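Enquirer: I'd like to ask some things about the structure below.
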Amino acid sequence: MSIRSWPAAERPRERLLELGAASLSDAELLAIFLRTGVAGKSAVDLARHLLNQFDGLRPLLDADLSAFTSQLGLGPAKFAQLQAVMEMARRHMAESLRRESALENPTQVRSYLKALLRHEPHEVFGCLFLDNKHRVMTFEILFRGTINASYVHPRQVVKRAMAHNAASLILCHNHPSGITTPSRSDIDLTKRLKEALLLVDVHVLDHVIVGDGEPLSMVERGLM
């Protein structure tokens with residue numbers, strides 16, 4: 001049975017307009033994005049099927065073009081549309097951070113970094129560069145591969161901080177394993193970078209590790 005034949009109060013789009021997006025299930029939100037179903041399946045039925053196939057919303061959103069379009073009802077146009085929506089969400093978060101101090105909203109900062117790094121299949125290391133009012137200027141990925149104290153060069157981090165005329169920055173990297181517990185190497189690297197940047201009067205405010213669940217703040221853990 002198509003969604004159009006459902007009672008208005010049960011249709012995902014009408015429920016969203018009346019109750020807000022947060023009140024909808026993952027399947028209902030995905031159904032609105034899909035707009036239509038396939039033969040024998042409503043958009044909601046198709047959404048439930050896709051969530052089951054991908055084992056949840058996050059793997060579906062993180063799927064590459066090949067995996068995404070291998071599923072019935074999903075083509076290149078939908079993939080492009082989804083990527084555009086997610087990029088707009090990231091840019092919305094970035095704009096908000098440019099208008100206020102990162103220190104006043106650490107949760108939003110961590111959410112932004114998670115949105116940037118959680119889909120990376122390998123370890124990456126980046127910096128969120130801040131101005132003298134702790135507002136975000138830009139984000140850069142500086143290193144890819146195994147992140148340790150011998151691989152990440154302080155000279156390159158200092159160089160990029162000075163190029164952006166940053167007053168402070170937030171270090172970040174991801175753990176593809178999903179476990180955010182910092183290693184001894186993570187702690188040593190943070191100390192080295194903090195000392196090197198202090199020589200050019202750039203302050204390291206935090207080191208955020210992105211994995212599954214909530215990102216870890218090394219400052220909040222008392223590790224720096």
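Every residue, even glycine, has its Cβ placed from backbone N, Cα and C.
Not my notes, these are from Swiss-Prot:
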type	residues	note
DOMAIN	102-224	domain 'MPN'
MOTIF	173-186	motif 'JAMM motif'
BINDING	HIS173, HIS175, ASP186	Zn(2+) binding site
Enquirer: Look up HIS173 (Zn(2+) binding site) in the DSSP assignment and reduce it to helix, strand or coil.
Expert: strand
Enquirer: Near HIS173 (Zn(2+) binding site), how many other Cβ atoms are within 10 Å of its Cβ?
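Expert: Here the count is 24.
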Enquirer: Among HIS175, ASP186, all listed as binding-site residues, which has the most CB atoms within 10 Å of its CB?
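Expert: In terms of Cβ crowding, the pick is ASP186.
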Enquirer: For the motif 'JAMM motif' (173-186), what's the mean pLDDT in this predicted model?
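Expert: Mean pLDDT for the motif 'JAMM motif' (173-186): 93.
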Enquirer: Do you know the DSSP helix, strand and coil residue counts for the domain 'MPN' (102-224)?
Expert: 40 helix, 33 strand, 50 coil
